[in-house]
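Taken from Swiss-Prot as is:
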{"type": "BINDING", "residues": "Leu132, Gly136, His137, Leu138", "note": "(6S)-5,6,7,8-tetrahydrofolate binding site"}
{"type": "SITE", "residues": "His240", "note": "site 'Plays an important role in substrate specificity'"}
{"type": "MOD_RES", "residues": "Lys241", "note": "N6-(pyridoxal phosphate)lysine"}
Amino acid sequence: MTDVLPTTPTASGVTDRPLSEVDPEIAAVLDAELGRQRDTLEMIASENFAPRSVLEAQGSVLTNKYAEGYPGKRYYGGCEHVDVAEELARTRAKELFGAEHANVQPHSGASANAAAMHAFIRGGDGILGLELAHGGHLTHGMKINFSGRMYDVSSYGVDPQTFRVDMDVVRAVALESRPKLIIAGWSAYPRQLDFAAFRSIADEVGAHLMVDMAHFAGLVAAGLHPSPVPHAHVVTSTVHKTLAGPRSGLILTRQEFAKKIDSAVFPGQQGGPLMHVVAAKAVAFKVAGSEEFAERQRRTLEGAKIVAERLTAPDVAEAGVSVLTGGTDVHLVLVDLRDSKLDGQQAEDRLHEVGITVNRNAVPFDPRPPMVTSGLRIGTPALATRGFGAAEFTEVADVIALALKPEFDADALRARVAKLTAEFPLYPSAGSFA
């Protein structure tokens, strides 16, 4: 029989009852998910573990507050405390990335991209971005996405031999299509982009340059990846992934474009900001300015290079497995399975069987459908956050390599994964979040 909630608002009513009492089904979901995260190795490149401090801010009483507008210019009363939170988030973001202006209200990276486009171009204008099948993002011009429906899309791809972006090709496409906005950024590309070259091309064709640094923002914050801020007219990002903050968005720009960006976010794209998430962003930006965070990013890069090196070894190559571009400059490795007996779905399932979570991913010129694919995207941020160093990444890289070979011992590999999860407990003092 379903529990009946109290009908009168008393001190002992629903506002004071824990989740485990009010909704045991959802409490069970939280406990089960915490168990999954603790007992497996998370290697999806876009995922990370937010610090407990971020989780506390996001699950706070700021959830209750509406705050349409911006600090000091709200359309609601009672915003004096959330104004402080948003100012801290804006100031910390600007300092972290060396930007003149920051908007911390976007609900997601996609929202940030939509607002940035809305600020600089109009419906029907041309945009130029990395082709989705070659590592671009949905919001960079996919036909069924808002970006593909609203704008005239041209795309650049990667070289069929090197699988790298060729700036001469980008320039040629830009000169032919004359876009109003050029997008540099990616969702699945293992190398750094030349932001100065992108800006030069944008200037040549009279376009604005937008850089989507959602995946590598944490590396930029730590000084381990070139910053797009000096080159781009506008920079967008998520605050999770390598930044390990709440799932949300961020826009950085110059002071001359501040009003345009702010108006595009509110009221152009959104209503009230999620102030509990804004506060969590402020915490994440503070953490990202620490030496501990920089050290974690160094281990993230080191881990990705270790994984890439192991997956280029002769025994793995014999199984038809290769690494796109031969390595990585960032936090992820793209695995090409076109010559393997495994497709992307099968490889993902195999790693899941031994306790490693990755995602299947299309590779450039992929002959298989998107729900199957011929590749894997493997990332190291979450394991670096968990505390992994060179020795642990060497071990997990070997587990991955053995799991992708035709014959593998699932029980033995699962035991090796279990040993790693036990040695590096996740949220050890949390008990249950439910």
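In case you wondered, yes, glycine gets a Cβ from its N, Cα and C as well.
Since the structure is predicted, the reported quantities are computational estimates derived from the model, not experimental observations.
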Using CB atoms and a 10 A radius, I'd like the single residue among the recorded positions His137, Lys241 with the highest neighbour count.
Lys241
Tell me, by DSSP, whether His137 ((6S)-5,6,7,8-tetrahydrofolate binding site) is helix, strand or coil?
coil
Please report the DSSP secondary structure of Lys241 (N6-(pyridoxal phosphate)lysine), reduced to three states.
helix
Considering the binding-site residues Leu132, Leu138, which residue's Cβ sits among the greatest number of other Cβ atoms within 10 Å?
Leu132
Same chain, not part of Leu132, Gly136, His137, Leu138: whose C-beta falls within 8 angstroms of the C-beta centre of the (6S)-5,6,7,8-tetrahydrofolate site? Give them in sequence order.
Gly129, Leu130, Glu131, Gly135, Thr139, His140, Gly141, Met142, Asn145, Ser187
Below 8 Å Cβ to Cβ and six or more residues apart, same chain only. Which residues does that give for His240 (site 'Plays an important role in substrate specificity')?
Ser46, Glu47, Asn48, Ala50, Pro246, Arg247, Ser248
His137 ((6S)-5,6,7,8-tetrahydrofolate binding site) and Lys241 (N6-(pyridoxal phosphate)lysine), distance between Cα atoms, whole Å:
14
Run through the Cβ atoms and count how many others sit within 10 Å of the one on Gly136 ((6S)-5,6,7,8-tetrahydrofolate binding site).
23
Under DSSP, is Leu132 ((6S)-5,6,7,8-tetrahydrofolate binding site) helix, strand or coil?
helix
